[in-house]
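Let me begin by presenting the structure, written as structure tokens, before commenting on it.
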Amino acid sequence: MSRTLFVTTALPYANGSFHIGHIMEYIQADIWVRSMRMAGHTVHFVGADDAHGAPIMLKAEKEGITPQALVARYAAERPRYLDGFHIRFDHWHSTDTPENVALSQEIYRALKSEGLIETRSIEQFYDPVKGMFLADRYIKGECPRCHAKDQYGDSCEVCGAVYAPTELINPYSALTGAAPVLKSSDHFFFKLSDPRCVEFLQQWTTGANRQGVKHLQAEVQAKTREWLGGDDGEAKLGDWDISRDAPYFGIEIPDAPGKYFYVWLDAPVGYLASLKSYCAVKGLDFDALLDPAGPTEQVHFIGKDIIYFHALFWPAMLKFAGRKTPDQLNVHGFITVSGEKMSKSRGTGISPLRYLEIGMDAEWLRYYMAAKLNARVEDMDFNPEDFVARVNSDLVGKYVNIASRAAAFITRHFDGELAYDGDTDALAAEFAQQAESIRAAFEAREYNRAVREIMAHADRINQAFDAAQPWVMAKGIGAADAATRARLQDICSRALAGFKALSVMLAPVLPALASRVARELFGANADFAWGDAQQLPQRVAPFKHLMQRVDPKLLDDLFEPPAAEASAPAALPGGEALADTITIDDFAKIDLRIARIVNCEEVEGSTKLLRLTLDVGEGRHRNVFSGIKSAYQPQDLVGKLTVLVANLAPRKMKFGVSEGMVLAASHADEKAEPGIYVLEPWPGAQPGMRVR
């Protein structure tokens, strides 16, 4: 029975190009969509750019352009990636559109009428220089647990501590460096903790769709059970802050001037907005298509890092706004390289654009991913050696090899005509039964199982072909009797029929190659459908090369840093280039000593200098002038240890003689990066000790 499916992938954030994780998710969804279409189902496959939020606003501001211009720039890149990897969305949209504004505001009003929106006054850090409230990512400070500097406002990257921004020691704005102040503001909350939401989510997260497929994979269901609460019935869900204060690039909240929807509210609504835009183009009834009581199945492909939003907030929002809830949430893991997290600095980052630019076949990657992806929430590992071996062995050595060998005999000796001597073919009969298992594996997203079964049949075809030894029969074909000719034609025809069946089964994974096989090799006027696997071909065109082997050297090129990064100007530590190299003998000429600041006072008539009286362990005190007045109060330096250039020639100044130089650090551009930092040795160092 034909089904109607509405399929989406997670929306990429429109402040950057696609990365390999996006491509993996789109390939996974595209394979599924193609397999469902081949089964005769109607699929509406849409995507969109996630175009709102503070990061986009701030990046655009930094570049001196509008947020809309920034979003448009990245949107213009999308087709190059999608077309390059044969990913075929029906429609690509944006969340910064009239459809998304209208739908987001409609859903909000519906939730408000249900009593599920509540206004509360909350206290947040506010940047008085920037004039905006700060999200956790824009607040930095000292970790309250391990005292590591420059940690973000919600967690420490050094010790792993999780905390509230207000717990940071000496917090500062990552945008301006200013000390943030606590300020109150009214925010809007979606009451996810409401008993109605909790009861619904307990049912939905454990439920199944019309096909009997669970809404959530087992691993995801287990995670939502943790979030929803234990058997004691204690509620664990917190309410969700769905608002942000101006300035903010987003959708305004109705009847709330200066308030905007948090990007995570309007982003998933973008799925619906994209479908609505698509329906307008195609003349489809959007409301009928997404009627909660209608037959359309709503399916989302997402990564494991955004489960919370999609498995709790999203279905609850839709349910109590009177809209259709998702039928299936398909969650995948991340990509690793040789068992490790990808890292550009370690040379293990994969740029999808570089993959295409160096001439690698997109269908190599589609096949490799399919061979490793399954329906579980597992990371997919890209191993370069395995990639080369699997593509060359499976696709070229097994699959394409069948056609290249068998078609040559048919073209040379039978003018492209295929003929089958007898009605029985044990291999074909076996594969006819196996085909249903392969189709089911694709529908269940068990792509690795489907690929294994397909390649196992390719092995059987090659083994049967080798056992028959058609090249032996072909040697004397000119003088051969009719039975021998018929036998040769039958062997090669059945091998090509098997190749066609394999091509049908691989079509969701290798759409471009399968289309060439259908149209160029077998003369079809349409791409393959599942039923074509059992149809015996009658003619074959002269064989044309279908796929190159992977050159391992390409993998070396793939993992090189992108050209733009390689040619970028070298980083300037502290705002200036490193000085020319010196020898150890040059360094030895500089006598650096520990000194204790015995006294410190301002210099009358100078706006920059402080006069330091130093003990360097010589039995006398030294007098040193230092331009650090803007950074330090004299009394704060008394008793501190510092480092002195002790053998610097005395310098006669307007205010007296300076007998050395105290070491301090600063940025080359003091206006852009203000701050002077006197070097202070660790406790235990004594005046007079040499710094070596």
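Just so it is clear, glycine is given a Cβ too, placed from its N, Cα and C backbone atoms.
In Swiss-Prot, the feature motif ''HIGH' region' is placed on 12-22, out of the ranges 12-22, 78-88, 375-385, 573-583. Here the Cβ of Cys143 (Zn(2+) binding site) has 22 other Cβ atoms within 10 Å, regardless of which shown protein chain they belong to. Other than the site residues Cys143, Cys146, Cys156, Cys159, same-chain residues with C-beta atoms no more than 8 angstroms from the centre of those residues' C-beta atoms, the Zn(2+) site, are Pro144, Arg145, His147, Ala148, Gln151, Glu157, Val158, Gly160, Ala161. Counting residues per DSSP class in helix, strand and coil order gives 3 helix, 1 strand, 7 coil for the motif ''HIGH' region' (12-22). Residue counts of the domain 'tRNA-binding' (586-692) by helix, strand and coil are 7 helix, 45 strand, 55 coil (DSSP-based). When Cβ atoms from all protein chains are considered, those within 10 Å of Cys159 (Zn(2+) binding site) total 12, not counting its own.
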